[in-house]
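Below: one structure, written as structure tokens.
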């Protein structure tokens, strides 16, 4: 008799919690957990303690997988199915949406407007409620019916003397004899003739003057003359119909006493010049459609052109010495041309380029135009003797020469060489608006103020300004009714974006330039706009890049998402966010293999009361990052020096001049969008890298940077990945793998077999497993299911062939070493100084839990940044390095921040200069010097509000940062 299957416990219709049993994903230690549904849950803990493994790789992965599996096989092939997490049971899950801090798009056509779909609504609004204007005469192109024309005339004062005219010729040359004869044959006997913009004169047919064939004329046919009276309605209608018929849909009502003209058109056409437009449609306003895109730049807003600053790479040198590469004394042909130009215009070719007269520089770069110059060329004569040949022709100019060669060459090498001298410039035709002329001249006309707004102005305004525009926009008549729903949708989306602290962005901001935090908050705003309920949202540090002032709005937004009936799970380290949560889960106790357990959970107060919880101790102030007892001051140095950025004008910077003390730890602070990144990354780093390394980065506009002579290196430690393939890992990136391979090559077994260091690389043939080519896994395509990666059945995931794995060092083979965490490897290699030193730097930056062979693609942005920092720490220190870090506390717990600060202070103590963009108050309070930008974001920012020590900033009345810093310093 067959056994009955065990009964499956039925869940109530509304499960009060998400039940997790036996979660073992990555480093999770078989944990059991109940999370309340429809609450704001914050998961916190040390870096590497298992927060993301729980939130993203377990809860989100399973929620998404279950939803996708409910779809048809046809629908599933278009969706990426996540791996099934290693967990026994998860109950009470909702469909899951993940909002991570990945860049939105690298497509240059993708903007904040297109990502949020606001631009789509704007296109619809302008197509349905916009008024087109003539680009040349600035007159509205409004198609009017005859009835509307009659009503407009009858609205004039009674007894106004009028002439109804048909404008048949505008600004055209000719005698027009046939035209006059044709009009007279139709019964018209009076004509108004003008030229050169002068008011026209009315002539009877018998008195018509002979017009000059070479002059431009304006000719109107007089259709009727009358006085405005209510009973004239029928006569006016007939007169307008006649005028419209003979003048291709145009008519003029001329007031005979005041000479005022009223222009009418039955088409979307200019009453003066016949400029016309087909019916407005949304695609006319899309820069991604051929219908709306500017034809010169194809809707990108930028064109690539040869940049004089790149072509003249060394302006302090003369042309003879090499101001322009390839045009100096070493290149006889091009240099002889420049000598002839110098002779013709009378300037010295040995004078530094920057000291040459402006006219001479223009000729060298752009050519002599039509002016011929006598050139002397060397030619091969009879018997192999050289002879001089003289030729007179205009000088092409270096930039046109480059353009011609780039256009005509078939050589890839020549093109690659020439591309180095190009840079992007705003399109000269659309001025960066991306749209064609027709779209740029369609405006929304405010009924109350008469203000006209083109679509590109709204796109270029900050989101706060755009919201203000739509909150006060009043359209009239049918347009108001048509646009009502569209405007409400635009207003709603703009409002959500402003509420998550993005009021300083503009709709035309390229999505590629957004930080991870900004991209995440844009997605968050889009989700709120969708109004879904019953969903589980999983977010990864949404507070990244946010000033404390904007944090409250973000927390309010997350609570709004919760109040719609959703479960909101947030991986976060921000203290305000933790304290605002309904439920907190603290993971730990350590990182990597030492983590993966739930140390404490409950309300923020319950976690703060837990003695085992490291997070709780920081929340309860039992542990804290101390304020330095004594700060290094500018005057501490024997010869105080500063790095001075003069008149920085990039993006929203308003002619900023800022001083960064050399040898100190400086924090650049300010609300989001205040200009910190523009000042530090786009101006300072780009200019210094160009000066020290001839980098091709384009610095933001500024006058100069003074004090650079004290530096021999600049290092920008950003959060970009350390490698884009699974083969890149911390060991290969930091150079640690090279001495490890050399060490294995010295093992007796390896020497007997003649193995060199290359034998222990999984990137080249020899020692690696050829079945999987050193990947350790083999990809199996599953078509309707996601691709499956199975361990290689030859090497069993160990990357190397059997012979290579037989070489052991202290009982471990090369694969075993790659599987070690940094912490374990430091103990294992303690007797090898070259390896131990590099491992110590990885430990110092808090990466003890990362495996040496861990794929670079699995590292977070904060981890990748700290790997780069470790690499720099391991190099020989000159004490003359400028370090630039952008939000290094991303992804760091309070405890990890303390480790990071020790490293940064250590670099500073060696004489280096540290510049950090940061919002974290624990970092700000330990800095030597602060530069606070603001006061607001976008157009309201771009100035230096205050500079000084943290104590001085805390007392500054205009500093938002100071207001939040004061309680920490007072405590």
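Using the three backbone atoms N, Cα and C, a Cβ is placed for every residue, glycine included.
Unlike curated entries, TrEMBL annotations are predicted automatically.
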Listed range which TrEMBL flags as zinc finger, given the options 742-768, 769-795, 796-822: 769-795
Of the residue ranges 242-269, 270-297, 298-325, the one that TrEMBL records as zinc finger: 270-297
DSSP-derived class (H/G/I helix, E/B strand, else coil) of residue 676 (ATP binding site): helix
For the binding-site residues 47, 674, the one whose C-beta sees the most other C-beta atoms within 10 angstroms: 674
Segment-level pLDDT (mean, integer) for the domain 'ABC transporter' (632-966): 90
Other CB atoms, at most 10 A from the CB of residue 51 (ATP binding site): 27
Secondary structure at residue 51 (ATP binding site), reduced by DSSP to three states: helix
